[in-house]
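What Swiss-Prot says about this one:
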BINDING   Thr58, Val59, Gly60, Gly61, Ser62, Gly63, Lys64, Thr65  ATP binding site
Amino acid sequence: MQALVNKIWYEGHPLRWLLLPFSVLFALITAIRRSLFRLGLKSQTALPVPVIVVGNITVGGSGKTPTVIYLIELLRQHGFNPGVISRGYGADIQGVKVVTAVDSAAAVGDEPAMIVARTSVPMVVGAKRVDTAKALLAEFAVDVIICDDGLQHYALGRDIELVVIDGKRGLGNRHLLPAGPLREGAWRLNQVDFVVVNGGPAQANQFEMQLSPSAVLPVNPKAEAVFNPTQPVVAMAGIGHPARFFETLTQQGIQLALSHGFDDHQAYDKHVLCELAASRPLMMTEKDAVKCRDFAQENWWYLAVDAKLSPQFDQQLLSRVRSVAAAKQGKSHGV
């Protein structure tokens, strides 16, 4: 099914024409919803600290999670104490939940589990972004909130919008759902504060980001094995665009005996993965690793990657955060 969807969205499959009437209906519904917020008929909750929303206008992976981790580290390096909120996609969360390092991906979602495992950032997950943001502020002394994937959740007031685009797949056929991959029209890119292009050329007023492999690490934190870079591996990826991960492995000189793409947010079974690997080294993404660490074998590995952005991006982002923070502090003191 996913293969057919990709052909429709990214390869010009003629079935897209049959879906266009539904895309028109989707456009109408989303336009009405935006208008309700713009006209004040639905309320937007403003928060006392800067809110950065990191999202995309397409369905599927684009590199949001590495971008969120980059922002956490950048803000910390410059004296801020950021916190993160997320939906916790794939997890059955009642109300809101504080994410801890011992939480499983099944309990909090794979992206939140990965973000906290990497950064130990204060993080709260839940279905309603406003509730998660309020819980984060009540529980932790954070001075910036990063919302992981909430661009279309307009009830949450935001000060900075950052959109991440897949530089290889772009906006696909540029149609709205379901005929294309767009959640909102391409015009939305002209309204956000920052557009980050992951792994592709950036246009004027956009910023290029590269995901740089940093290390091959064991999925099982107690494993004592040493990775052999000359031994072919079985590669797997349960992300929005598995082919990108397999290409990265090949570029790193890692030989692939077999590659297998799973659905995004796939829940894994130990026996299925053991059968897939067949005693060979198994290589996966960091996002997959947090879902497999409790039952990982000695020769299971993941490739850690770090986002790289330009100093110009850093300067503009920090300047914007400082400006918003100063304005909100002045407002709270009646200045």
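Cβ coordinates come from backbone N, Cα and C, glycine included.
Keep in mind the model is a prediction, meaning the values are calculated, not measured.
Features per Swiss-Prot, on structure.
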residue: Thr58; record: ATP binding site; CB count, 10 Å: 25
residue: Val59; record: ATP binding site; CB count, 10 Å: 17
residue: Gly60; record: ATP binding site; CB count, 10 Å: 18
residue: Gly61; record: ATP binding site; CB count, 10 Å: 25
residue: Ser62; record: ATP binding site; CB count, 10 Å: 25
residue: Gly63; record: ATP binding site; CB count, 10 Å: 27
residue: Lys64; record: ATP binding site; CB count, 10 Å: 22
residue: Thr65; record: ATP binding site; CB count, 10 Å: 26
Exercise for the section: Starting from the Cβ centroid of Thr58, Val59, Gly60, Gly61, Ser62, Gly63, Lys64, Thr65, the recorded ATP site, name every other residue in that chain with its Cβ within 8 Å, sequence order please. Expected result: Asn56, Val164, Asp166, Gly240, His241
Exercise for the section: Specify the secondary structure state of Thr58 (ATP binding site) as given by DSSP, simplified to three classes. Expected result: strand
Practice task
Look up Thr65 (ATP binding site) in the DSSP assignment and report helix, strand or coil.
Solution key: helix
